[in-house]
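A.B. asks: The structure is given below, and queries will be raised subsequently.
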Amino acid sequence: MPIVFANRNITFQLRHKRELRASIAKIIADYGLRAGRIDYRFCDKHHIKRINIQFLRHHYYTDIITFGNLEGNVVNADILIAKDVVQENSERFGTSFPDEMARVIFHGILHLVGLNDKTAEEATAMRSAEEKYLAYFHSLL
């Protein structure tokens, strides 16, 4: 179950990798799935916008793009996270940067295990799950 954190075009030192990996593994296991290879790549907002345009035809910045697939019950993923957008969001929402980064990391996996956030009801369920796993993450620190 390799969960890889790497930088794409920025310099960034992610903290608490062991606890983040354990939290990601818990999310996947809680939904009855197993982790295959999960690659997180941290980049800047310009790179993520280019990917957003190229693959999703969305012409805007976003904090995360998740490309994933299920092979049987095994989750595999390539996940891009724009560090600067996460930083901007943490300031806008009044959250700490480490908490906002963890929330975004969990958000991508929650999409892969079946949660959506298109409707208000789905967004509420997604936010609740993010809070649950953020609390779990904090319990490991």
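Quick reminder: no glycine exception, Cβ is built from N, Cα and C everywhere.
According to TrEMBL, the protein has these features:
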BINDING   HIS107, HIS111, ASP117  Zn(2+) binding site
A.B. asks: Let's check the environment of ASP117 (Zn(2+) binding site): how many other CB atoms sit within 10 Å of its CB?
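C.D. replies: Around the Cβ of ASP117 (Zn(2+) binding site), 17 other Cβ atoms lie within 10 Å.
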A.B. asks: For the recorded Zn(2+) site, whose residues are HIS107, HIS111, ASP117, find every other residue on that chain with a C-beta no more than 8 angstroms from the centre of their C-beta atoms, and list them by sequence position.
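C.D. replies: In sequence order, the nearby non-listed residues are ILE64, THR66, GLY108, LEU110, LEU115, ASN116, MET126.
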A.B. asks: At a 10 A cut-off on CB-CB distances, which of the binding-site residues HIS107, HIS111 has the highest count?
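C.D. replies: When each Cβ's neighbours within 10 Å are tallied, HIS107 leads.
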A.B. asks: With DSSP assignments reduced to helix, strand and coil, which class does ASP117 (Zn(2+) binding site) get?
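C.D. replies: DSSP call for ASP117 (Zn(2+) binding site): coil, neither helix nor strand.
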